């Protein structure tokens, strides 16, 4: 699809007209009643008048042979051949052949969308776009491709689609020679050479070369996420982001490493992995010169020099844990609500978070896909790799507020803090003795499972008795 046309309804009619007449002039196609000029109400009245046998069309276009009932309409039509565009937009400078096209275009700047869909409430700047949109509710696709049978709501879209079978790209850039199937695509492309960016964001001041890019950017400010995953309900700003996300559910991994055969769902993960084979570390620390394969790892490392702590503005109201992103907080809250959206296809077990399901699946496959580029050690999940990599980067982000000691892992810091609080949450079910850490409890429990365990249990009983605790051993 043409990005500019897809997101800027005002371009559609004029874009179709210019393409239609270029092909008409060359003799490639013949004039027909369902021409792209039907998109405007003025032209529709021309066709209605043509059907009236009492009316004569004595004014002929010397370029394409089309006939009109009066000279004014002929002169308006001839601008398509001469390229004359006398109507200029005062906001962005864009020019148009007709005043009505300028009026429709100006709705981009004013935000006016007077045509509303009675089914879903969506609004449009053009009546023709509303009519096209309404086909999405009815499923009506009257225009069929004779090559593959694909249906389209508009004839113009069918004509563009048919170029994919012929391979024809009639619109060529005079600067670089690149060819396009549509003139509006060429016009958008040419802005890469001119540097023109007519679409301006009033929120942040950023400018864009196409209305489609501007519309996608504007969702950052509005928070609009129109693309929803049917499997887990997660929403996305862009269609491509949803497509990539859905690979989590389908298991699709289209990017395969030719060196080791590992597959990835994201191109960025694949490219990062390839650096492990090339030993490439493009991200260098300006303080100490250490190199990293990923930019995120460099930023983590630099905190050693700056002392910066990660900003985590999103706080869980249930347990107080903080997160850098709102999406991570929403996933975490399922731990408290008990919601489990992700199901293991092998054993049926359900999980609150997708990454927990992915880690669980590795129990079935035995796979350890995350490899450390520094030492080659492999891990079942990305979190385990990130924690391990702090051994190489030297980062210790978890600091004890009591004594200032730092740790690689949060769990190590939490266990250390029990020295200050005296908390011993791990209890031996055999003798009731308490411990600060789970590893200490497991070490202790061996005395109950070894030979002569009774003697050890008796020893534990005497020890507890000496500190004023009574334990009944059955």
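Residue numbers in this text run from 1 along the chain shown.
Using N, Cα and C of the backbone, Cβ positions are placed for all residues, glycine too.
Residues annotated as compositional bias 'Basic and acidic residues' in TrEMBL: 43-54.
As annotated by TrEMBL, domain 'C2H2-type' applies to 59-86 (among others).
Sorting each residue of the domain 'C2H2-type' (87-114) by its DSSP state yields 11 helix, 4 strand, 13 coil. Residues annotated as domain 'C2H2-type' in TrEMBL: 87-114 (among others).
The domain 'C2H2-type' annotation in TrEMBL covers 115-142 (among others). For the domain 'C2H2-type' (115-142), residue counts in helix, strand and coil come to 12 helix, 4 strand, 12 coil, using DSSP.
Looking only at the domain 'C2H2-type' (171-198), the predicted model's pLDDT averages out at 87. Taken from TrEMBL, the feature domain 'C2H2-type' covers 171-198 (among others).
As annotated by TrEMBL, domain 'C2H2-type' applies to 199-226 (among others).
Packing against the domain 'C2H2-type' (255-282) from elsewhere in the chain are residues 244, 247-248, 291-294, 369, 371, 373: each is 6 or more residues past its ends and has a CB under 8 Å from a CB in it. Annotation comment: TrEMBL describes 255-282 (among others) as domain 'C2H2-type'.
Here TrEMBL flags 283-310 (among others) as domain 'C2H2-type'. Taking DSSP states H, G and I as helix and E and B as strand, the domain 'C2H2-type' (283-310) has 12 helix, 4 strand, 12 coil.
Across the domain 'C2H2-type' (314-341), DSSP helix (H, G, I), strand (E, B) and coil residues number 12 helix, 4 strand, 12 coil. Taken from TrEMBL, the feature domain 'C2H2-type' covers 314-341 (among others).
The domain 'C2H2-type' annotation in TrEMBL covers 342-369 (among others).
Under the heading domain 'C2H2-type', TrEMBL lists 370-397 (among others). Helix, strand and coil counts from DSSP across the domain 'C2H2-type' (370-397) read 12 helix, 4 strand, 12 coil.
Per TrEMBL, the feature domain 'C2H2-type' maps to 398-425 (among others). Counting residues 6+ beyond its ends, the domain 'C2H2-type' (398-425) has Cβ neighbours under 8 Å at 387, 390-391, 434-437 in the same chain.
Here TrEMBL flags 426-453 (among others) as domain 'C2H2-type'.
What TrEMBL records for 26-54 is region 'Disordered'.
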Contact set, same chain, for the domain 'C2H2-type' (370-397): CB under 8 Å, 6 or more residues outside the stretch: 273, 275-276, 281, 290, 293, 297, 300-301, 303-304, 309-310, 355, 358-359, 362, 406-409
